[in-house]
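Accompanying notes for the structure given below.
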Amino acid sequence: MTDRESRAGQAGRKRAQGTAIPSSAGTGSVATGRGELEEAVKIILVQPRLSLRPEPTCRGLTGPQLTSRGVPGAKFTGVEEASPEVRDASGEGVCHASGERGATQKYGETRGAEPKPILYSYFRSSCSWRVRIALALKSIDYETVPVNLVKDGGQQFSEEFQALNPMKQVPALKIDGITIGQSLAIIEYLEETRPTPRLLPLDPKKRCLVRMISDLIASGIQPLQNLSVLQQMGQENRLTWAQKVINSGFNALEQVLQNTAGKYCVGDEVSMADLCLVPQVANAERYKVDLTPYPTIRHINKSLLALEAFQVSHPCRQPDTPPELRA
Ligand SMILES: N[C@@H](CCC(=O)N[C@@H](CS)C(=O)NCC(=O)O)C(=O)O
């Protein structure tokens with residue numbers, strides 16, 4: 001990561017669906033505001049001063065394939081970040097930025113017509129996929145701004161993106177005048193502001209189980225096989241390391257799910273836990289983890305992949321999915 005840090009700022013500007021990370025994304029200042037909530041979240045809330053406008057002339061990124069809703073039905077083996085085998089082949093769609101300056105919005109402020117939410121996402125990112133599923137399930141229309149995690153040394157290290165998410169990770173969602181990092185925080189915000197369909201059960205025990213499973217994956221597995229960690233492992237150890245941590249996590253997850261699952265992770269309703277499960281299984285497949293010892297995980301994954309929201313949000317049909325990985 002450190003060598004990549006040094007390349008921060010090299011990232012090109014990019015667009016999808018006619019939306020760009022502008023050349024100077026606002027002040028980069030962290031929101032300061034009134035009240036406890038603003039104070040509590042000030043680290044993650046950034047108020048860029050730019051309103052992003054559609055730019056229909058982006059090379060390679062125009063046309064109906066750029067809708068944030070894909071076409072259901074295709075199969076995909078699942079990849080995330082820099083695959084051991086599949087090197088990044090995207091990188092089209094880099095355009096000159098032309099963001100328009102506008103007024104800074106403060107957290108909690110409402111403006112007349114709310115702009116479409118903007119998801120900063122990478123097609124291979126499992127954490128981005130979690131959020132894409134939530135947006136699809138809740139029928140929230142949004143625009144995608146791709147952040148290529150490997151191109152240009154990683155566009156997440158660009159100044160523009162760091163102003164949006166100081167963690168230099170995707171996803172980030174710009175919505176309702178705030179920018180939120182951390183996929184689970186995003187999903188919980190969507191749940192609280194757009195509660196239908198419910199992703200957290202009303203029953204406190206079930207709700208707790210959903211959060212427990214979500215955390216097991218989002219804190220206990222994914223961070224250990226994230227791109228930056230794998231880069232530290234060195235090329236020759238990557239696969240073994242990824243398999244080891246995923247197997248270790250899946251052993252626990254399988255045991256948990258045997259007690260909580262119905263059709264899905266917790267009972268028969270799709271929940272936040274399911275949004276974490278499917279992308280993590282895709283990671284496991286990508287790293288050639290033998291899933292035979294995990295029948296419950298496999299069964300739930302299969303049921304979920306049959307649902308439209310999981311299909312349209314799939315890495316194989318995102319605006320930044322390279323042509324050879326599209327399905
Ligand atoms: N806890 C964060 C994790 C985000 C994360 O790890 N994102 C990955 C992609 S799935 C990333 O941006 N990696 C960039 C890097 O490692 O440099 C979340 O849930 O959003």
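Any Cβ shown, glycine's included, is placed from N, Cα and C.
TrEMBL lists region 'Disordered' at one of the ranges 49-78, 79-108, namely 79-108.
Taking H, G and I as helix, E and B as strand and the rest as coil, DSSP gives the domain 'GST N-terminal' (115-198) the counts 35 helix, 16 strand, 33 coil. The DSSP breakdown of the domain 'GST C-terminal' (203-323), given as helix, strand and coil counts, is 89 helix, 2 strand, 30 coil.
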